[in-house]
Amino acid sequence: MTTSPGTVESTTPVSGQLRTVLSAGERPARATAVSATLTHLWRAMMAFKHFPVQLIDIVLMPLIFLLMFTYLFGGAFADSTEEYLQFYLPGVTVQAVVMMTVYTGTSLNTDIHKGVFDRFRTLPFWQPATLAGSLLGDVLRYVVALATTVSLGLLLGFRADGGFLGVVGAMLVLIVFGFSVSWIFAALGVVASEPERVSGTSMIVLYPLLFMSNIFVMPETMPGWMQAIVDANPMSHAATASRELMHGTAGFWDVGLVLCVSAGLVAVFAPLTMRLYRNKNAH
(Lines of atoms letter the chains of each structure in order from A and count residues from 1; the text may use other names and numbers.)
(Lines give C-alpha, C1' and ligand atoms only; values in the text may rest on other atoms or scores of the structure.)
Protein backbone atom coordinates (compact mmCIF):
# COMPACT_ATOMS: atom_id res chain seq x y z
CA MET A 1 0.00 0.00 0.00
CA THR A 2 1.44 3.37 -1.06
CA THR A 3 0.97 6.81 0.40
CA SER A 4 -0.13 9.60 -1.86
CA PRO A 5 2.08 12.64 -2.27
CA GLY A 6 -0.67 14.78 -0.79
CA THR A 7 -0.63 12.80 2.44
CA VAL A 8 3.14 13.20 2.76
CA GLU A 9 2.87 16.96 2.32
CA SER A 10 0.15 17.27 4.96
CA THR A 11 2.18 15.42 7.63
CA THR A 12 5.58 17.00 6.92
CA PRO A 13 6.06 20.37 8.68
CA VAL A 14 7.51 23.17 6.61
CA SER A 15 10.83 24.67 7.60
CA GLY A 16 9.23 27.68 9.28
CA GLN A 17 7.00 25.49 11.42
CA LEU A 18 9.97 23.28 12.32
CA ARG A 19 11.98 26.27 13.49
CA THR A 20 9.02 27.41 15.58
CA VAL A 21 8.72 24.03 17.27
CA LEU A 22 12.45 23.76 17.99
CA SER A 23 12.74 27.30 19.30
CA ALA A 24 9.70 27.11 21.57
CA GLY A 25 10.46 27.66 25.25
CA GLU A 26 13.59 28.92 26.94
CA ARG A 27 16.89 27.17 26.47
CA PRO A 28 18.53 25.81 29.62
CA ALA A 29 21.14 28.10 31.10
CA ARG A 30 24.75 27.10 30.56
CA ALA A 31 26.18 25.15 33.48
CA THR A 32 28.28 27.19 35.87
CA ALA A 33 31.75 26.13 36.95
CA VAL A 34 30.38 24.97 40.30
CA SER A 35 27.48 22.98 38.87
CA ALA A 36 29.72 21.36 36.24
CA THR A 37 32.25 20.38 38.91
CA LEU A 38 29.52 18.94 41.14
CA THR A 39 28.17 16.94 38.21
CA HIS A 40 31.56 15.33 37.59
CA LEU A 41 31.93 14.81 41.33
CA TRP A 42 28.67 12.86 41.31
CA ARG A 43 29.86 10.88 38.28
CA ALA A 44 33.03 9.91 40.13
CA MET A 45 31.06 8.82 43.18
CA MET A 46 28.74 6.70 41.05
CA ALA A 47 31.77 4.61 40.10
CA PHE A 48 31.51 2.95 43.51
CA LYS A 49 27.97 1.85 42.69
CA HIS A 50 28.77 0.44 39.26
CA PHE A 51 32.26 -0.93 40.10
CA PRO A 52 32.09 -1.98 43.77
CA VAL A 53 35.07 -4.30 43.29
CA GLN A 54 37.38 -1.30 43.66
CA LEU A 55 36.32 -1.10 47.30
CA ILE A 56 38.30 -4.30 47.85
CA ASP A 57 41.55 -2.51 47.03
CA ILE A 58 40.56 0.59 48.96
CA VAL A 59 39.63 -1.32 52.11
CA LEU A 60 41.77 -4.46 52.09
CA MET A 61 45.19 -3.17 51.06
CA PRO A 62 45.69 -0.81 54.04
CA LEU A 63 44.33 -3.44 56.43
CA ILE A 64 46.67 -6.11 55.07
CA PHE A 65 49.68 -3.81 55.48
CA LEU A 66 48.58 -2.86 59.00
CA LEU A 67 48.19 -6.47 60.12
CA MET A 68 51.27 -7.76 58.31
CA PHE A 69 53.75 -5.13 59.51
CA THR A 70 52.34 -5.01 63.03
CA TYR A 71 52.34 -8.73 63.73
CA LEU A 72 55.09 -10.01 61.41
CA PHE A 73 57.68 -7.24 61.78
CA GLY A 74 56.48 -5.20 64.75
CA GLY A 75 58.40 -7.26 67.28
CA ALA A 76 61.62 -6.74 65.32
CA PHE A 77 61.10 -3.02 64.72
CA ALA A 78 60.08 -2.23 68.32
CA ASP A 79 60.04 -3.85 71.76
CA SER A 80 56.55 -5.28 71.15
CA THR A 81 53.80 -5.35 68.57
CA GLU A 82 51.67 -3.09 70.80
CA GLU A 83 54.40 -0.46 70.89
CA TYR A 84 54.98 -0.68 67.14
CA LEU A 85 51.24 -0.24 66.50
CA GLN A 86 51.38 3.16 68.22
CA PHE A 87 54.12 4.17 65.81
CA TYR A 88 52.93 2.51 62.61
CA LEU A 89 49.19 3.22 62.49
CA PRO A 90 49.52 6.98 61.84
CA GLY A 91 52.08 6.13 59.16
CA VAL A 92 49.99 3.53 57.38
CA THR A 93 47.21 6.11 57.03
CA VAL A 94 49.58 8.13 54.84
CA GLN A 95 50.33 5.03 52.80
CA ALA A 96 46.61 4.28 52.43
CA VAL A 97 45.81 7.74 51.07
CA VAL A 98 48.80 8.04 48.76
CA MET A 99 48.19 4.63 47.20
CA MET A 100 44.60 5.68 46.41
CA THR A 101 45.83 8.66 44.37
CA VAL A 102 46.91 6.29 41.60
CA TYR A 103 43.23 5.69 40.81
CA THR A 104 43.00 9.31 39.70
CA GLY A 105 45.44 8.82 36.85
CA THR A 106 44.16 5.41 35.77
CA SER A 107 40.50 6.48 35.70
CA LEU A 108 41.31 9.63 33.75
CA ASN A 109 43.42 7.69 31.26
CA THR A 110 40.63 5.12 30.87
CA ASP A 111 38.16 7.90 30.04
CA ILE A 112 40.55 9.22 27.41
CA HIS A 113 40.94 5.86 25.69
CA LYS A 114 37.22 5.09 25.80
CA GLY A 115 36.39 8.34 24.01
CA VAL A 116 34.67 9.95 26.99
CA PHE A 117 37.41 12.58 26.92
CA ASP A 118 36.50 13.62 23.36
CA ARG A 119 32.81 13.83 24.23
CA PHE A 120 33.46 16.11 27.20
CA ARG A 121 35.57 18.44 25.08
CA THR A 122 32.63 19.09 22.74
CA LEU A 123 30.19 20.01 25.51
CA PRO A 124 29.61 23.66 26.50
CA PHE A 125 30.72 23.61 30.13
CA TRP A 126 33.74 24.73 32.12
CA GLN A 127 36.32 22.19 30.95
CA PRO A 128 38.47 22.07 34.13
CA ALA A 129 35.38 20.68 35.89
CA THR A 130 36.18 17.29 34.36
CA LEU A 131 39.42 17.08 36.32
CA ALA A 132 38.36 18.98 39.42
CA GLY A 133 35.19 16.92 39.88
CA SER A 134 37.04 13.64 39.41
CA LEU A 135 39.71 14.56 41.94
CA LEU A 136 37.14 15.71 44.47
CA GLY A 137 35.29 12.43 43.95
CA ASP A 138 38.46 10.58 44.89
CA VAL A 139 38.22 12.15 48.34
CA LEU A 140 35.57 9.52 49.08
CA ARG A 141 38.24 6.86 48.53
CA TYR A 142 40.51 8.58 51.04
CA VAL A 143 37.74 8.80 53.63
CA VAL A 144 36.84 5.11 53.28
CA ALA A 145 40.49 3.99 53.44
CA LEU A 146 41.24 6.18 56.46
CA ALA A 147 38.09 5.27 58.36
CA THR A 148 38.57 1.52 57.98
CA THR A 149 42.29 1.63 58.78
CA VAL A 150 41.90 3.76 61.90
CA SER A 151 38.93 1.68 63.07
CA LEU A 152 40.93 -1.55 62.84
CA GLY A 153 43.85 0.11 64.59
CA LEU A 154 41.63 1.12 67.49
CA LEU A 155 40.31 -2.44 67.73
CA LEU A 156 43.88 -3.76 67.83
CA GLY A 157 44.78 -1.48 70.73
CA PHE A 158 45.92 1.83 69.25
CA ARG A 159 45.74 4.64 71.81
CA ALA A 160 44.72 7.95 70.28
CA ASP A 161 45.91 10.32 73.01
CA GLY A 162 44.84 13.24 70.85
CA GLY A 163 41.25 12.09 71.15
CA PHE A 164 38.54 12.27 68.54
CA LEU A 165 39.58 15.74 67.36
CA GLY A 166 43.17 14.62 66.93
CA VAL A 167 42.15 11.66 64.78
CA VAL A 168 39.79 13.78 62.68
CA GLY A 169 42.44 16.48 62.33
CA ALA A 170 44.97 13.93 61.10
CA MET A 171 42.47 12.56 58.59
CA LEU A 172 41.70 16.06 57.26
CA VAL A 173 45.39 16.88 56.83
CA LEU A 174 45.95 13.61 54.98
CA ILE A 175 42.93 14.20 52.73
CA VAL A 176 44.38 17.58 51.74
CA PHE A 177 47.76 15.95 51.16
CA GLY A 178 46.24 13.14 49.10
CA PHE A 179 44.26 15.62 47.00
CA SER A 180 47.46 17.50 46.16
CA VAL A 181 49.39 14.33 45.28
CA SER A 182 46.54 13.17 43.05
CA TRP A 183 47.25 16.09 40.68
CA ILE A 184 50.63 14.51 39.92
CA PHE A 185 49.03 11.28 38.79
CA ALA A 186 46.29 13.16 36.98
CA ALA A 187 49.02 14.75 34.84
CA LEU A 188 50.53 11.31 34.30
CA GLY A 189 47.10 9.96 33.36
CA VAL A 190 46.71 12.58 30.63
CA VAL A 191 50.05 11.87 28.94
CA ALA A 192 50.29 8.08 29.43
CA SER A 193 49.62 5.87 26.44
CA GLU A 194 47.46 3.37 28.36
CA PRO A 195 46.08 2.84 31.89
CA GLU A 196 48.59 0.07 32.64
CA ARG A 197 51.43 2.54 32.08
CA VAL A 198 49.90 4.86 34.67
CA SER A 199 49.71 2.21 37.38
CA GLY A 200 53.13 0.76 36.52
CA THR A 201 54.92 4.11 36.53
CA SER A 202 53.10 5.18 39.68
CA MET A 203 54.31 2.15 41.61
CA ILE A 204 57.89 2.77 40.51
CA VAL A 205 57.66 6.29 41.93
CA LEU A 206 55.57 5.61 45.02
CA TYR A 207 57.23 2.58 46.58
CA PRO A 208 60.69 4.17 46.98
CA LEU A 209 59.07 7.29 48.46
CA LEU A 210 56.96 5.24 50.86
CA PHE A 211 59.75 2.96 52.07
CA MET A 212 62.39 5.71 52.26
CA SER A 213 60.31 7.59 54.80
CA ASN A 214 59.55 7.35 58.50
CA ILE A 215 56.27 5.51 57.89
CA PHE A 216 57.63 2.06 58.78
CA VAL A 217 60.68 2.65 60.98
CA MET A 218 62.47 5.46 62.78
CA PRO A 219 65.03 7.27 60.59
CA GLU A 220 67.69 6.82 63.29
CA THR A 221 67.97 3.14 62.28
CA MET A 222 68.94 4.05 58.70
CA PRO A 223 72.30 4.98 57.14
CA GLY A 224 73.18 8.66 57.21
CA TRP A 225 72.70 9.24 53.49
CA MET A 226 69.23 7.68 53.65
CA GLN A 227 68.28 9.77 56.66
CA ALA A 228 68.82 12.87 54.53
CA ILE A 229 66.37 11.52 51.95
CA VAL A 230 63.87 10.59 54.65
CA ASP A 231 64.05 14.06 56.20
CA ALA A 232 63.35 15.70 52.83
CA ASN A 233 60.58 13.27 51.87
CA PRO A 234 57.08 14.84 52.02
CA MET A 235 55.70 11.42 53.02
CA SER A 236 57.77 11.64 56.21
CA HIS A 237 56.36 15.04 57.10
CA ALA A 238 52.82 13.79 56.46
CA ALA A 239 53.43 10.76 58.69
CA THR A 240 54.94 12.94 61.44
CA ALA A 241 51.98 15.33 61.31
CA SER A 242 49.58 12.39 61.50
CA ARG A 243 51.41 10.93 64.51
CA GLU A 244 51.50 14.24 66.36
CA LEU A 245 47.82 14.91 65.79
CA MET A 246 46.70 11.42 66.80
CA HIS A 247 48.95 11.36 69.87
CA GLY A 248 48.06 14.89 70.94
CA THR A 249 51.54 16.39 70.50
CA ALA A 250 50.94 18.34 67.30
CA GLY A 251 52.89 21.52 66.71
CA PHE A 252 52.53 24.11 64.00
CA TRP A 253 55.70 23.17 62.12
CA ASP A 254 54.94 19.71 60.72
CA VAL A 255 51.23 20.30 60.12
CA GLY A 256 51.93 23.67 58.52
CA LEU A 257 54.71 22.17 56.42
CA VAL A 258 52.40 19.46 55.05
CA LEU A 259 49.77 22.06 54.17
CA CYS A 260 52.40 24.25 52.47
CA VAL A 261 53.73 21.31 50.47
CA SER A 262 50.17 20.43 49.47
CA ALA A 263 49.51 23.99 48.32
CA GLY A 264 52.75 23.95 46.33
CA LEU A 265 51.88 20.68 44.59
CA VAL A 266 48.46 22.00 43.61
CA ALA A 267 49.94 25.31 42.43
CA VAL A 268 52.38 23.49 40.14
CA PHE A 269 50.55 20.40 38.94
CA ALA A 270 46.97 21.68 38.69
CA PRO A 271 47.79 24.25 35.96
CA LEU A 272 50.16 21.77 34.30
CA THR A 273 47.48 19.08 34.22
CA MET A 274 44.90 21.53 32.86
CA ARG A 275 47.31 22.59 30.13
CA LEU A 276 48.07 18.99 29.17
CA TYR A 277 44.36 18.21 29.22
CA ARG A 278 43.49 21.10 26.88
CA ASN A 279 46.31 20.28 24.50
CA LYS A 280 45.70 16.54 24.47
CA ASN A 281 45.60 15.23 20.94
CA ALA A 282 42.08 14.00 20.29
CA HIS A 283 43.49 11.17 18.21
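Cβ from N, Cα, C; glycine included.
The domain 'ABC transmembrane type-2' feature in Swiss-Prot is assigned to 53-280; the stated evidence is sequence analysis. Among the features that Swiss-Prot reports, topological domain 'Cytoplasmic' is placed at 1-53, 107-119, 160-169, 219-241. Residues or ranges marked as topological domain 'Extracellular' by Swiss-Prot: 73-87, 189-199. For 54-72, 88-106, 120-138, 142-159, 170-188, 200-218, 242-260, 263-280, the entry in Swiss-Prot reads transmembrane segment.
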Note = Same-chain residues at least 6 beyond the ends of the topological domain 'Extracellular' (73-87) with a Cβ under 8 Å from one of its Cβ atoms are 153, 156-159, 216-218, 243, 247
Request  = Quick one: find which recorded stretch in 54-72, 88-106, 120-138, 263-280 has the most Cβ pairs under 8 Å with the transmembrane segment (170-188).
outcome  = 88-106
Inquiry  = Test of understanding: applying the rule of at least three C-beta pairs under 8 Å (pairs 6 or more apart in sequence), is the transmembrane segment (88-106) touching the transmembrane segment (200-218)?
reply    = yes
Ask   = Where does the mean pLDDT land for the topological domain 'Cytoplasmic' (160-169)?
value = 93
